[in-house]
Amino acid sequence: MNIVLLGSPASGKGTQADLLCKKFNLYHLSTGEVARKLAEKDQRIKEIIDSGKLIPAEEMTMHVINFLSNEKPDLKNILFEGFPRFISQFEALSNFLITKGDNLDLVISLDVSQEEAIKRISSRRVCEACGENFNLITKPSKFPGKCDKCGSNLIQRKDDNEDSVKVRFEYYENNTKELIDYVEKMGKLTKVNGERPIDEIQKDLVEIVERVKNEQNNN
Ligand SMILES: [Zn+2]
């Protein structure tokens, strides 16, 4: 089965995607990873990503399809994280899968409020020397302001501030809300509250995936 996991910035979707992939032995397709690999070979894409912008929607769809054709040619048991974002991308990806005898079976959206996203992101800290990640709330370092691994100073990334989070959050809402409404009308959407502990959310997600799997086996 193929699953799409959507979520706003700081919704925890990366963590949940990793856990689901381990649990159900799914292939994790992260668009961040696809974009990084493309940027290694393509200066124009590198510039788009470095400027914090997104690769144009149709172009990104083409890259994802090419990437899959190379890396996961059977097109089965894929978890798409953060893609598709737009109705046009959703349709292009579904149509591609359908021509290959497969489909998108389930779309999950992991919700957190803008307030929660700001709280989570402005609590992020990173070691300026080794790059280890910390979070003042969820993953504090042993000694305040110092890295557990190498003892260097912890700093805040430039775009991990309130204004920047607001921009990213609103961008997500403005663009992805249409897709979420569209998928909801198709009856393929499940919404999950992301403002809870990681293991509680994971338990819900596992139940949702198992339910859809059972429905498919009974058909
Ligand atoms: Zn360090």
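Backbone N, Cα and C define each Cβ position, glycine as well.
Note: TrEMBL annotation is automatic and uncurated.
Noted in TrEMBL for the protein shown:
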type: BINDING; residues: A10, S11, G12, K13, G14, T15, R124, R196; note: ATP binding site
type: BINDING; residues: T31, R36, K53, L54, I55, G82, F83, P84, R85, Q89, R157, R168; note: AMP binding site
type: BINDING; residues: C127, C130, C147, C150; note: Zn(2+) binding site
type: DOMAIN; residues: 124-159; note: domain 'Adenylate kinase active site lid'
type: REGION; residues: 123-160; note: region 'LID'
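When Cα-Cα distances from G12 (ATP binding site) are compared across the binding-site residues C147, C150, R157, the shortest belongs to R157. Of all residue pairs in T31, R36, K53, L54, I55, G82, F83, P84, R85, Q89, R157, R168, the annotated binders of AMP, the farthest apart have Cα atoms separated by 30 Å. C127 are the binding-site residues among R124, C127, R157 whose C-beta comes within less than 6 Å of an atom of ligand 1, given in sequence order. Checking Cα-Cα distances from R157 (AMP binding site) against the binding-site residues (A10, S11, G14, T15, R124) with a 10 Å cut-off leaves R124, in sequence order. Residue counts for the region 'LID' (123-160) under DSSP (helix as H, G, I; strand as E, B; rest coil) come to 0 helix, 12 strand, 26 coil.
Annotated pair A10 (ATP binding site) and C150 (Zn(2+) binding site), C-alpha to C-alpha distance, rounded: 26 Å. Within 10 Å of the Cβ of S11 (ATP binding site) there are 25 other Cβ atoms, across all protein chains.
Here C130 (Zn(2+) binding site) is compared against the binding-site residues S11, G14, T31, I55, and the shortest C-alpha distance is to G14. Under the three-state DSSP scheme, K13 (ATP binding site) falls in the helix class. The Cβ of T15 has fewer other Cβ atoms within 10 Å than any other of the binding-site residues T15, T31.
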